[in-house]
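Peer 1: From TrEMBL, for reference:
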type	residues	note
SIGNAL	1-27	signal peptide
REGION	41-72	region 'Disordered'
TRANSMEM	79-96	transmembrane segment
TRANSMEM	116-142	transmembrane segment
TRANSMEM	173-195	transmembrane segment
TRANSMEM	202-220	transmembrane segment
TRANSMEM	256-274	transmembrane segment
DOMAIN	294-334	domain 'UBA'
């Protein structure tokens with residue numbers, strides 16, 4: 001019944017997002033969108049800030065609930081793409097072998113039969129088709145965090161072109177993924193040990209740790225950009241993501257509820273920096289930056305000949321790991337701001 005309900009919810013979600021006429025949606029005012037638009041009301045009259053008119057079109061685009069996750073596809077999200085492909089491939093492989101429901105963790109397998117290999121396989125392959133659909137949908141949506149990390153460290157217009165830049169680019173997202181998987185798995189094993197024979201026979205398998213850990217930054221860091229009504233019911237642009245997560249959390253009842261809760265706890269521990277994981281990430285990034293050699297004089301001279309300041313050219317080359325093309329993009333973007 002839960003699987004049938006999941007398929008029904010997926011069809012309903014698809015209908016709302018893609019087939020429902022726009023006339024059925026009633027937009028509601030959103031303070032965040034008004035702030036981005038740069039407008040304010042004083043004495044009942046609307047007044048625009050200095051950059052309000054220039055940002056009007058961009059604010060309207062950002063308030064569209066279908067556009068909140070950025071461009072379609074895995075552009076600037078290679079780590080997420082690899083994770084989605086691995087999860088889908090392993091799920092199909094285990095399904096063909098008829099072992100989909102047997103790869104999850106259980107008290108018997110871990111503490112009596114010592115099938116420790118399940119600690120790895122259980123975090124990738126899903127145990128049913130509805131879980132696969134909702135899980136991959138959420139993984140695909142949460143690629144926005146990898147893009148956010150990339151846009152903070154680098155320009156959106158280029159991708160790291162040398163090894164050290166690539167390592168620093170993917171470090172943040174990999175640290176989050178590994179921390180979520182390891183901590184949520186340890187929490188799940190601890191719960192099985194505590195519950196003993198009262199635990200579910202087999203926990204639901206899949207990357208529940210990564211998915212439900214991602215709901216923590218999704219709740220705290222992603223603002224609501226639009227509010228609207230569908231047939232009189234109030235929604236936000238984040239509502240459908242929460243509904244998809246709720247469906248995945250309850251897809252197998254106790255079997256999926258426990259891994260989902262462990263994932264949320266792992267996400268909270270990462271955000272609170274309980275184990276100092278962010279310090280490790282910062283030290284590694286600092287080491288990468290320190291390893292960058294002094295920019296060559298000919299590269300600095302070439303950028304100066306293009307009209308850039310010498311100090312700015314030197315700093316851009318250091319940030320770009322002496323890649324003159326990337327340094328040029330950094331300098332051009334700095335001038336356009």
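The chain as shown is numbered from 1 upward.
Cβ coordinates come from backbone N, Cα and C, glycine included.
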Peer 1: For the domain 'UBA' (294-334), report the average pLDDT of the model, please.
Peer 2: 83
Peer 1: Other than its close neighbours in sequence, what residues sit by the transmembrane segment (79-96), given a CB gap under 8 Å and a spacing of at least six beyond its ends?
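Peer 2: Distant contacts of the transmembrane segment (79-96): 103, 121, 124-126, 132, 135-136, 139-140, 142-143, 146, 170, 173-174, 177, 206-207, 210.
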Peer 1: Could you give me the DSSP helix, strand and coil counts for the domain 'UBA' (294-334)?
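Peer 2: Going by DSSP assignments, the domain 'UBA' (294-334) contains 30 helix, 0 strand, 11 coil.
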